[in-house]
Amino acid sequence: MEATIREVSAKLIRDSEDKNTIETTVEIDNGVKGIFAVPSGESTGGYEAFLLDPEKAVLLINTQLRNILVGKSFQPQGLDEFLISTDGSLTKSNFGANTILSISVAFFKALANLSQTPLYVLIQQYANIASTTSFKIPRLMLNIIEGGKHAPGSIDFQEFLLLPKTLNVQKGVFEAKEVIEKLKVTFPQNITQGMEGGLSIKGFETNEEALRSFVDATNEVGKDYFDISLDVAANSFKTGGEYLLKGSPTPLSTQEMITFYSKLVNEYRVYSIEDPFSEDEWSGWESLHTAVRGKTKLIGDDLTVTNLQRLEEAVKIGALDGIIVKPNQIGTLSETLRVVKRAKENDLVVIVSHRARETMDDFIADLAVGLGADFLKAGAPTQPQRLAKYQRLSAIQAEITN
């Protein structure tokens, strides 16, 4: 599907952390518009594409990019390729991945509106990687306890994640809220809210103590209702080639971390571990994968950053079982689709994810369904920016069911 861009404009909006981000509107044929608001990360991988200051991005879109786009006709991939080539850098450092992505997705949304096609349906058609006759609702991955950069002064591990086994979105969100309430009762004096709406609980001596309390709360709600996962975000506590964990008198070596993770997997039935090592410690990933194969899944986020070359390297050495998909890590929708297609060709778990600094835009819910993702990871069901994604997913589920 091709359309002519009639107008492009951008403005500053505030994200969930009350910081500036950009919202871009692309108008195409017949006055049809698409709008996309870009999120951003707090704990970011070193290999993510370049993020341009939002004020500069808005100025760039409203002047230079508007002048070169208005009047031109594109298909989605053609627009992305044009923006990438015009930027001319490897990391989108001239325009910024946030700038380019805002136009890429807004244009795609406009096409969906023009054709009166649900966004997830059009994504599926363009992705060409999922069944074209049915849709799969991804399981939920909800952030319940936060640490690391998302909750300074708390524990090291960034996210303790709840994975409801129910496929009913509304029921899964309700069960997650029940677990949150159990933790609030257990720790009434020590709780604040983390960046993604999860609980920042002060007073834990170790990460394992936090995990144990998390598991206890899930068991109170329903022992067989959930899987649990960890987003370790090990970049944030690596120092001098080793890992400094709360409660440990000395930093831990890679081998000691492997022993520690193996213990957690065996004792707490952890479904997956995200970013257990830093983004450059390939050998650690490979060794841990060998040690826990068949017991848990290793998920790459900072390791792979929705980047095809990074994914290919990870697959080559057998480093992981799945990937986090964040379009703003790479900067265009078409590049995101290529990464997911390659992941699925290698039977990897696909987790479409939000960012720490979110907007009310619910695009990733449609993206997860359109890609046939295994999970949607969109934070705790407490902040409006997170709930928007789960509510959109629930609405899609109702459409598909009916």
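Every residue, even glycine, has its Cβ placed from backbone N, Cα and C.
Mg(2+) binds Asp231, Asp301 as TrEMBL records it, and from the list Glu205, Glu267, Glu274, Glu335 the residue named for this site is Glu274. When the Cα atoms are compared, Asp301 (Mg(2+) binding site) and Lys326 (active site, proton acceptor) turn out to be 9 Å apart. Other Cβ atoms within 10 Å of the Cβ of Glu196 (active site, proton donor) number 28 in total over all chains. Here the domain 'Enolase N-terminal' (5-123) has a mean pLDDT of 98 out of 100. In the three-state DSSP scheme, Asp301 (Mg(2+) binding site) is classed as coil.
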